[in-house]
Amino acid sequence: MSHSCIRSFPARKRKFGLGLPHNSLKSNTNLVPNLYIERHRHPTKFGSFTTAFLNRIRIPSLGWVQYRSISILHPCILQATGELCTLPTNELSDSDSCNDAIGNLEESHVDSDGDVTTKTIRRVYQTPVDFTKVNKNLLPTVVLIGRPNVGKSALFNRLIRRREALVYNTPDDHVTRDIREGIAKLGDLRFKVLDSAGLETAASSGSILDRTSGMTASVLARCQFAVFLIDVRAGLHPLDLEVGRWLRKHAPGINLVVAMNKSESLLDGSGSLMAAAAETYRLGFGDPIAISAETGLGMQDLYGSLKPKLEDYMLQVLNNEEGTEESNFSEDGSSCEVEESKLQLQLAIVGRPNVGKSTLLNTLLQEERVLVGPEAGLTRDSIRAQFECQGRTIYLVDTAGWLQRTKMEKGPASLSIVQTRKSLMRAHVIALVLDAEEIANSRRSLKHDEVVIARQAVEEGRGLVVVVNKMDLLRGKQLYDKVMEAVPQEIQTIMPQVTGIPIVFISALEGRGHAAVMHQVIDTYEKWCSRLSTARLNRWLRKVMSRHSWKDQAAQPKVKYFTQVKARPPTFVAFVSGKKELSETDIRFLKRSLKEDFDLGGIPIRIMPRSIERKAVNGTSKSGQITNRPSERMFSDKRKVCPVE
């Protein structure tokens with residue numbers, strides 16, 4: 001914060017600089033600007049600043065105005081007020097300022113008629129930049145580049161401080177195939193970090209490696225920085241030199257940092273690390289840094305290499321940004337309450353391998369975000385992507401094909417299964433993707449794996465939407481109609497506890513039906529977040545209990561009142577009096593009535609019965625036990641005082 005703040009205000013605002021009495025003028029001063037000097041900190045420096053300022057505008061005789069609020073009426077001061085906000089930057093920002101920037105200043109100008117016009121000077125940001133308060137959409141992007149099996153995914157997990165990317169030692173295989181994005185937290189630095197697939201420039205055309213290289217090249221076009229990783233234990237590999245030449249061709253203007261990963265094994269004092277660093281200069285990308293993504297070694301050096309580059313870029317972005325300070329900086333401590341249905345939606349796309357999950361994700365995002373192809377099991381990581389739909393932020397998660405994990409299953413496939421199950425647990429709505437061609441050939445809608453997914457989603461209290469993909473492969477209207485009739489009937493037969501599950505028939509390859517999918521997903525999510533008032537529920541309860549035909553009126557449970565205790569999913573509590581408790585049949589009847597009367601179909605509903613004792617007038621319960629009398633306090637042997645003999 002600067003020592004003093006100088007502002008120009010109209011006289012009609014009646015502001016006082018230090019709270020001292022202000023002598024009001026009897027003449028018309030509405031058109032005359034007043035000069036107020038406000039004191040913020042460091043009172044010992046306030047007087048010297050005032051004198052220096054008055055000397056600047058050539059009024060040295062007014063040094064007595066220190067620590068006072070004054071009205072400036074002299075013509076030379078009127079002319080000088082235009083210079084209030086045009087002082088050089090180094091004279092007004094010698095110390096810290098709010099958000100490390102010069103504030104929005106106002107420049108006043110008095111024309112010949114006496115009118116005062118004010119214009120605002122844009123904010124100028126200075127170092128150091130607080131990355132923790134910058135809007136995440138403005139953060140710089142850093143991509144991790146290198147040949148396969150050099151530790152890119154391990155460094156990605158280290159930077160985002162979570163184990164999201166799959167890490168497995170497979171020298172002859174590629175674990176990472178898609179671009180994964182996250183927010184890195186390196187000290188006080190915040191930036192977007194992208195984990196890319198291993199580059200092999202000699203891959204055959206049309207192969208998986210060739211397609212992943214194409215995706216990495218397209219990502220480099222929108223990145224400003226890159227970290228080029230090499231395996232220091234293996235030395236400078238010929239593939240590293242090829243990747244370096246590939247980077248010069250596809251990203252000549254990118255800011256690059258060379259990192260020697262797995263350096264913990266060379267810290268033995270023999271000088272092998274220095275020899276490896278000298279060999280790295282053959283790449284021609286400057287000084288390398290030694291790190292270890294597994295142990296965290298060298299993160300301080302990586303921080304020192306990235307900070308000046310990121311700060312220069314961030315200052316350029318903030319100074320060129322036309323938005324306001326509120327749009328450039330995010331408030332983490334915001335206390336405003338948001339409606340539950342307006343919170344960020346987590347949508348997980350699950351299903352068996354090769355049913356079109358990744359194609360559906362690309363269709364929804366309208367871009368080639370993940371790798372697609374005819375090969376089964378192409379997706380290994382659970383890729384998370386963000387996009388806006390109907391004014392709502394939605395996070396899409398593309399999961400690997402769901403397979404039953406066996407004891408013999410090892411390697412990346414086993415890790416993919418575990419990660420898919422975790423994604424299902426974190427999601428709010430599950431989109432279960434089916435293959436229409438397989439349904440038509442096998443005459444069965446759901447296989448065992450798909451039944452397991454649907455039941456687990458319902459048991460965990462998640463919303464469920466069934467998506468039947470590849471409808472473009474069905475030839476003939478008769479087969480088309482047969483599939484559309486068979487799927488809802490079989491789903492209702494398999495899961496009778498959840499009625500009204502939405503089913504959407506699409507063709508992700510042709511782009512047909514993706515709008516209907518998002519409409520059903522958002523509608524299911526809003527139902528999942530819905531809340532009903534207690535008064536409305538009790539009015540509904542009286543009507544429901546009266547229209548239900550009980551076999552024995554004496555055996556009818558007496559539900560006193562009904563209330564909702566939580567949403568996501570909707571959970572209700574039924575308070576029952578008497579000896580009769582709610583049976584499973586009664587609970588199913590209440591759930592079905594709730595879904596029909598309040599349009600809550602397609603989501604799981606939970607009802608928890610609670611019994612309440614009926615108290616008599618004299619304070620005893622029906623069983624004759626006294627309920628209002630406090631229990632006597634019992635002391636243990638340790639609290640007893642033993643007499644001293």
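Start at 1 and count along the chain as shown; that gives each residue its number.
A Cβ is built for glycine as well, from the same backbone N, Cα and C atoms used for every other residue.
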Stretch carrying region 'Disordered' according to TrEMBL (options 16-45, 106-135, 616-645): 616-645
Helix, strand and coil residues within the domain 'GTPase Der C-terminal KH-domain-like' (531-609) as assigned by DSSP: 32 helix, 20 strand, 27 coil
DSSP-derived helix, strand and coil totals, residue by residue, for the domain 'G' (347-470): 43 helix, 32 strand, 49 coil
Integer average pLDDT (0 to 100) for the domain 'GTPase Der C-terminal KH-domain-like' (531-609): 87
